[in-house]
Amino acid sequence: MPELTLVDGSGVRRDLPAKLTWQVIVCTVIAACGGLMFGYDIGISGGVTGMDMFLEKFFPEVYVKKHQAKANNYCKFNSQLLQLFTSSLYLAAIVACFIGSICCKKRGRKPTMQIASVFFLVGAILNAAALNIGMLIAGRLCLGAGIGFGNQLLITIGILTANVINYATSKLHPYGWRISLGGAACPALLLLLGSLMIVETPTSLIERGKNEEGLYTLKKIRGVDNVDKEYEEISQAVEFSRQIRHPFKNLWKQSGRPQLVCGALIQIFQQFTGISVVMLYAPVLFQTMGLGENASLMSAIMTNTVKPIGTAFAIVVVDRFGRRALLIEAAIQMFISLGAIGVILAVHLHSTNVVAKHYAVLVIVLVCVFLAGFAWSWGPLGWLIPSEIFPIETRSAGFSVAVIMNFVFTFLVAQTFLTMLCHMRAGTFFLYSAMLAVMCLFAKYFLPETKGIPIDEMVERVWKQHWFWKRYYKDHDTGKGGLEIQDKPKENTIA
């Protein structure tokens with residue numbers, strides 16, 4: 001009989017009876033659509049903000065500056081509203097994360113997914129039909145809410161797809177930008193239709209006390225009747241989770257601070273690599289150097305082709321070389337790339353001139369090197385490491401904090417970059433280079449290696465052995481990690 005192989009918190013492989021069912025296939029497609037949506041919404045904004053037809057309609061002052069011969073190259077796109085168009089996505093996602101978490105706990109994952117797809121659809125429609133800046137921002141807020149409620153896989157493919165579509169629609173005057181922004185409705189529709197076809201997850205049903213329905217659903221998903229062992233394990237995990245009191249409060253206890261600090265910092269540092277600047281504003285950056293609209297969009301396609309390849313490379317090598325080695329190497333690689341871009345801009349891009357073509361090509365190459373380094377390190381590992389370092393008791397709460405930190409600092413970076421570029425010029429890239437130097441030191445001296453360490457052994461084998469973090473466990477009973485756990489779960493309730 002086909003089997004499902006799982007690895008538990010102790011690193012023990014367990015084979016459970018299962019078949020590849022239609023439900024599993026649909027769930028895989030839905031997960032892909034969720035990530036595709038997120039990546040598409042990230043990538044599409046940078047392209048349309050460089051389109052003349054879009055700027056002329058919604059940001060006429062930027063359009064005028066862009067085409068003025070004497071306009072400052074570094075300040076052509078400096079507009080708080082233009083930045084808000086991009087960053088509002090993350091502002092809404094921050095709020096939606098909290099609401100989505102409550103909705104998922106109270107109503108289940110399926111209706112939460114359906115809500116996310118509706119937000120995506122409404123946002124895409126508002127953006128495609130926008131008549132003014134208000135509708136445009138409202139659409140981005142809805143898309144951000146969808147991201148907060150939804151999933152985040154295949155993001156790099158979504159970004160690449162958005163850049164390809166931007167390149168194609170840039171030639172379709174005067175409504176090409178509407179096609180680009182409205183294109184977000186396609187994966188949103190797939191997400192909505194898929195969410196109507198799947199069943200609720202067994203874990204979610206058991207959490208809400210629907211045990212019999214959870215057992216029936218587990219049999220349906222696995223395609224076999226012999227699921228008693230897996231059902232029992234899910235029930236035990238849910239019951240244990242129920243016993244944890246105040247998981248967010250536990251994060252602030254002394255024994256929880258090392259994981260909290262590292263989990264939050266790695267998400268903050270992920271944004272301080274400058275990745276959002278490159279991903280959100282690459283076409284704008286290339287136009288700042290003097291490349292034409294189409295050339296800039298094509299350059300964005302070329303550079304973003306590197307990212308999926310780098311992510312695939314990370315999957316292959318991360319368990320061979322370890323997390324810290326990849327983070328340190330990539331920080332050095334990105335430090336050199338951004339520093340070199342800063343030097344080229346400082347020396348060759350002045351207020352009103354155009355950078356020589358060979359220097360523009362060199363910047364494109366350096367952006368590719370930067371993206372490759374990010375894609376096999378701080379990109380995927382920025383999500384992997386927080387999922388590994390928190391103990392089971394605070395894992396959900398800790399990872400939620402990490403995600404919120406990511407959205408908050410993505411919003412801040414997206415909202416300030418064009419203004420920074422105008423005032424600091426090439427110094428903007430030197431600033432991010434300096435941050436990468438700090439990140440390299442953080443990864444080397446403060447971030448412990450988690451490769452091959454089971455979650456339930458992480459405290460003893462990693463944190464209590466670390467030269468700096470071990471002080472947080474001194475004279476502390478780590479039997480329960482200093483966490484508040486009920487002595488006995490309430491009877492007749494399984495959350």
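For all residues, glycine too, the Cβ spot is worked out from N, Cα and C.
TrEMBL has this to say about the protein:
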TRANSMEM  20-40  transmembrane segment
DOMAIN    27-451  domain 'Major facilitator superfamily (MFS) profile'
TRANSMEM  81-103  transmembrane segment
TRANSMEM  115-137  transmembrane segment
TRANSMEM  143-165  transmembrane segment
TRANSMEM  177-199  transmembrane segment
TRANSMEM  297-318  transmembrane segment
TRANSMEM  330-347  transmembrane segment
TRANSMEM  359-379  transmembrane segment
TRANSMEM  399-422  transmembrane segment
TRANSMEM  429-447  transmembrane segment
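In terms of C-beta pairs under 8 Å, the stretch of 81-103, 115-137, 177-199, 297-318 lying closest in packing to the transmembrane segment (399-422) is 81-103.
Long-range Cβ contacts of the transmembrane segment (330-347) within its own chain (Cβ-Cβ under 8 Å, at least 6 residues beyond either end) map to 273-274, 289, 355, 359, 362-363, 366-367, 369-370, 372-374, 376-378, 425-430, 432-433, 436-437, 439-440, 443.
Ranked by the number of CB pairs under 8 Å to the transmembrane segment (177-199), the listed stretches 20-40, 81-103, 297-318, 429-447 are led by 20-40. Sequence-distant contacts of the transmembrane segment (115-137) (same chain, at least 6 residues past either end, Cβ-Cβ under 8 Å): 34, 37, 58-59, 81, 84-85, 88, 96, 100, 103, 143-151, 178-179, 181-185, 187-189, 191-192, 195.
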